[in-house]
Amino acid sequence: MNFDIEKLEKIKVRDGQEFFFIQTFGCQMNEEDSEKLSGMLKSQGYEETENRDEASIVIFNTCCVRENAENKVFGNLGRLKNQKEKNPNLIIALCGCMMQQKGMADEILSRFPYVDIIFGTHNAYKFPEYLHRVQVEGVQVKEIFDKETEIVEGVPIDRKSNVKAFVTIMYGCNNFCTYCVVPYVRGRERSRRPEDIENEIKELVSNGYKEITLLGQNVNSYGKGLEEEITFAQLLRRINEIDGLERLRFMTSHPKDLTLDVVYAIRDCDKLCEQIHLPVQSGSNEILQKMNRHYNKEQYLELAKKIREEIPDVTFSTDIIVGFPGETEEDFEETINLVKEVRYDAAFTFIYSRRNHTPADKMEDQIPDDVKHDRFNRLVAAVNEGIVVGNKAAEGKIYEVLVEGTSKNNENKLTGRTRNAKLVNFDGCKEMIGKLVKVKIIEAKSFSLVGEVVEQ
């Protein structure tokens, strides 16, 4: 199904300057969804602002993977009450995964009756229509689709970078890990047609983009439900043939579905970067079984070993949860041992967060908070130790770096990433932004590298 761009023309901003503000919580999928919301609004004539106080439209794109993300949304909504009282014409909209949870929309409208629009993950493309109804009819709009819809192509998108871009290749998840709400709020797996993906990337490349990251809750499941038989590895090889594309990445991979065909594609394809995000979640077989992950520690380690054999320069990142129900000290030590054996270059570490309507929420032996926090701190220390070792090994080497922009911490420095995703800061002129440059690493920091440009 194609987005109706002509409908936007009919509901454009006609008079004056109108600003919108979007705050995004959660993952890269949410980031891309927010880029689409921004794209639709800018197509209507609105302008984006980073100052929430001057906005006439405030949107919170929410996440529900962890309780902390939900609490941040509630806190921000509470702080909007005064702004709404000062400006009754302010329109407040909520969308994203949190809204898909059973009863959540009604709870929000009960606690925060000044919210104007609530919609979910399956109908974000209809936001301009909801906005128009609020503006013209003065109604409150709540519309949550229980079932996933046909994939909508051609939604305007406002990219936040001119160098690299996210491209979603599939939506939803069929795995039902016992701690996770994603299958309930994002729906079942469904894939975009390969030609739609290729056309989007070709357009991005023609506009100067150098790096593409393919997104999906489980990219290795790509191809299910399509008329054309195609695997994720085959898609990667097709995209690798696109002229002008410099780099290609993907996330997220489920270890049980990452095939050797994908590993060989990374090895063989010159544009595929030597970096894999491979969430392990736990190093304990008992906990992995309770999580419903469908692999064990030995299988994960064998996969990591095989990947390193085929792609010597590869770096791994991962997701790890501590404090899952029933996790013993011995289980946790197995996780620490796995972290030391694999030696990750980055890790997203989390304290287990109970989620309503998930099997893990009903499990016995919930872990006390003080134990969870102690294990979390020890895990972070073990992960960081491995990161430092990896960074030290980069000293003295020369890497190809894609210059992404100026450093967040020092606008006089440039920043970019190597093919294997190491962050490098270095001196250089802003004309280098968007270009590939050779950089020699002169110092390893805890979470980044310091380099100097080698003569081009």
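Cβ coordinates come from backbone N, Cα and C, glycine included.
According to Swiss-Prot, the feature [4Fe-4S] cluster 1 binding site maps to CYS27, CYS63, CYS97. The [4Fe-4S] cluster 2 binding site feature in Swiss-Prot is assigned to CYS173, CYS177, CYS180. For 18-136, the entry in Swiss-Prot reads domain 'MTTase N-terminal'. Look at Swiss-Prot and you will find 159-391 tagged as domain 'Radical SAM core', backed by sequence analysis. Annotation source Swiss-Prot lists domain 'TRAM' at 392-455.
Feature map: Swiss-Prot annotations on the structure.
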residue: CYS27; record: [4Fe-4S] cluster 1 binding site; DSSP (3 states): coil
residue: CYS63; record: [4Fe-4S] cluster 1 binding site; DSSP (3 states): coil
residue: CYS97; record: [4Fe-4S] cluster 1 binding site; DSSP (3 states): helix
residue: CYS173; record: [4Fe-4S] cluster 2 binding site; DSSP (3 states): coil
residue: CYS180; record: [4Fe-4S] cluster 2 binding site; DSSP (3 states): coil
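Cβ crowding, taken as the number of other Cβ atoms within 10 Å, peaks at CYS97 among the binding-site residues CYS27, CYS63, CYS97, CYS180. With CYS63 ([4Fe-4S] cluster 1 binding site) as the anchor, the candidate binding-site residues are CYS173, CYS177, CYS180, and the one with the nearest CA is CYS180.
The average pLDDT computed over the domain 'Radical SAM core' (159-391) stands at 96.
Here CYS27 ([4Fe-4S] cluster 1 binding site) is positioned 14 angstrom away from CYS173 ([4Fe-4S] cluster 2 binding site), judged by their C-alpha atoms. Between the C-alpha atoms of CYS27 ([4Fe-4S] cluster 1 binding site) and CYS177 ([4Fe-4S] cluster 2 binding site), the distance comes to 17 Å. Note: the CA-CA distance between CYS97 ([4Fe-4S] cluster 1 binding site) and CYS180 ([4Fe-4S] cluster 2 binding site) rounds to 12 Å.
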